[in-house]
């Protein structure tokens, strides 16, 4: 199955869910949330667990996880960039530490870890807030139109 066809399948499944817009949007937010963290294969379980904990749609969390999986490298890079902005360390120092990974010292490891950790806390918090509200508005107002658009375009 091609990526485009798989995307259409998951999006149609998502927009056909019979649940409140708030629950579906929350599930999508928790599904995308796990891509900011190194989950080592446990991402879907964490997404479903968070969806269950916050009483949102677990199927939407799984679909959100699958749809946002290709953006995983971008989210990791975004963690470094945002952490870099917060710590005030120039990006060149972080990239030198990453490129010189074969002979890295403790100071460089702490620099990378600090930037990454601060980045994923900020990014994941903003992502959950924005995706939850954006998804809520999308599902509340435009669910039928989005289904027609998905069928027509994809």
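Every residue, even glycine, has its Cβ placed from backbone N, Cα and C.
Because TrEMBL annotations are produced automatically, they should be read as predictions rather than curated entries.
Remark: secondary structure over the domain 'DUF2062' (5-145) totals 119 helix, 0 strand, 22 coil, with classes taken from DSSP. As annotated by TrEMBL, domain 'DUF2062' applies to 5-145.
What TrEMBL lists as transmembrane segment is 23-46 (among others). Sequence-distant contacts of the transmembrane segment (23-46) (same chain, at least 6 residues past either end, Cβ-Cβ under 8 Å): 14, 17, 54-69, 71-72, 75-76, 78-79, 120, 123-124, 127-128, 131-136, 138-139.
The annotation transmembrane segment is assigned in TrEMBL to 58-78 (among others).
The feature transmembrane segment is assigned by TrEMBL to 116-139 (among others).
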Other parts of the chain folded back onto the transmembrane segment (58-78), taken as Cβ under 8 Å at six or more residues beyond its ends: 3, 7, 10-11, 13-14, 17, 19, 23-32, 34-36, 43-44, 47-48, 50-52, 119, 123, 131
